[in-house]
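**Student:** I'd like to ask you about the structure that follows.
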Amino acid sequence: MVKAVAVIRGDSKVSGTVTFEQANENTPTTISWNITGHDANAERGFHVHQFGDNTNGCTSAGPHFNPYGKTHGAPEDDERHVGDLGNFKTDAEGNAVGSKQDKLVKLIGAESVLGRTLVVHAGTDDLGRGGNEESKKTGNAGPRPACGVIGIAA
């Protein structure tokens with residue numbers, strides 16, 4: 001079992017943790033999140049980005065992690081970036097707690113997300129269905145108020 005965590009923080013009040021667990025290279029990864037301080041009653045995009053670099057804040061993380069050269073999509077789509085995690089839903093206080101399993105996100109192997117950045121976005125991910133070029137790259141999820149590098153957890 002490999003476990004990893006991204007401690008989420010940034011230039012906003014958004015913070016929290018996103019954890020990853022994978023039993024072996026052939027099993028889905030469980031992704032769990034506990035995010036606070038976001039917009040109330042909203043769906044907000046979150047993605048694994050290419051680089052584990054936060055030198056200039058979350059913008060240094062680069063584009064979505066996309067080792068297979070696909071266009072942006074929903075987590076359940078065949079055509080999607082590895083880093084496309086979709087949206088989480090916040091409650092009336094702007095907090096979100098949840099989990100999902102993902103067959104493309106890996107902690108083990110050549111396409112591992114370890115050392116890359118988990119970015120929480122300011123907007124809703126349109127899952128590549130926005131009808132414009134930016135939708136096929138980013139899901140029009142907007143600015144990056146908070147992020148954290150995915151590191152090995154105890």
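Start at 1 and count along the chain as shown; that gives each residue its number.
Cβ atoms are placed via backbone N, Cα and C, with glycine included.
Residues or ranges marked as Cu cation binding site in Swiss-Prot (evidence: similarity to another entry): His47, His49, His64, His121. The Zn(2+) binding site annotation in Swiss-Prot covers His64, His72, His81, Asp84 and is backed by similarity to another entry. Residues or ranges marked as substrate binding site in Swiss-Prot (evidence: similarity to another entry): Arg144. As annotated by Swiss-Prot, compositional bias 'Basic and acidic residues' applies to 125-137. The disulfide bond annotation in Swiss-Prot covers Cys58-Cys147 and is backed by similarity to another entry. What Swiss-Prot lists as region 'Disordered' is 125-147.
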**Student:** If you measure from the CA of Cys58 (disulfide bond) out to 10 Å, which binding-site residues from the list His47, His64, His72, His81, Asp84, Arg144 are inside that radius?
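**Tutor:** Passing the 10 Å Cα cut: Arg144.
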**Student:** Determine the Cβ neighbour count for His72 (Zn(2+) binding site): the number of other Cβ atoms within 10 Å of its Cβ.
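**Tutor:** So the Cβ neighbour count for His72 (Zn(2+) binding site) comes to 28.
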**Student:** Rounded to a whole number, how many Å is the Cα of His49 (Cu cation binding site) away from the Cα of Cys147 (disulfide bond)?
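**Tutor:** Computed Cα spacing between His49 (Cu cation binding site) and Cys147 (disulfide bond) is 10 Å.
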**Student:** Please report the Cα separation of Asp84 (Zn(2+) binding site) and His47 (Cu cation binding site) in Å, rounded to an integer.
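**Tutor:** The separation of the Cα atoms works out to 5 Å.
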**Student:** What other residues of the same chain, not counting His47, His49, His64, His121, have a CB atom within 8 A of the CB centroid of the Cu cation site?
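**Tutor:** Neighbours within 8 Å of the Cβ centroid, excluding His47, His49, His64, His121: Gly45, Phe46, Val48, Ala61, Pro63, Phe65, Gly83, Asp84, Leu85, Val119, Thr138, Ala141, Arg144.
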**Student:** Of all the recorded positions given, namely His47, Arg144, Cys147, which is spatially nearest to His81 (Zn(2+) binding site) at the Cα level?
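**Tutor:** Going through His47, Arg144, Cys147 one by one, the closest to His81 (Zn(2+) binding site) is His47.
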**Student:** Please report the distance from the Cα of His121 (Cu cation binding site) to the Cα of His72 (Zn(2+) binding site), rounded to the nearest angstrom.
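**Tutor:** Cα to Cα, His121 (Cu cation binding site) and His72 (Zn(2+) binding site) are separated by 15 Å.
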**Student:** Beyond His64, His72, His81, Asp84, what residues of that chain have CB atoms within 8 A of the centre of the Zn(2+) site's CB atoms?
**Tutor:** His47, Phe65, Asn66, Lys70, Thr71, Gly73, Arg80, Val82, Gly83, Gly128, Lys137, Thr138, Gly139
**Student:** My understanding is the cutoff is Cβ-Cβ under 8 Å with a sequence separation of 6 or more in the same chain; which residues meet that for Arg144 (substrate binding site)?
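**Tutor:** For Arg144 (substrate binding site), the qualifying residues are Gly10, Gly57, Cys58, Thr59, Ala61, Val119, Val120, His121, Ala122.
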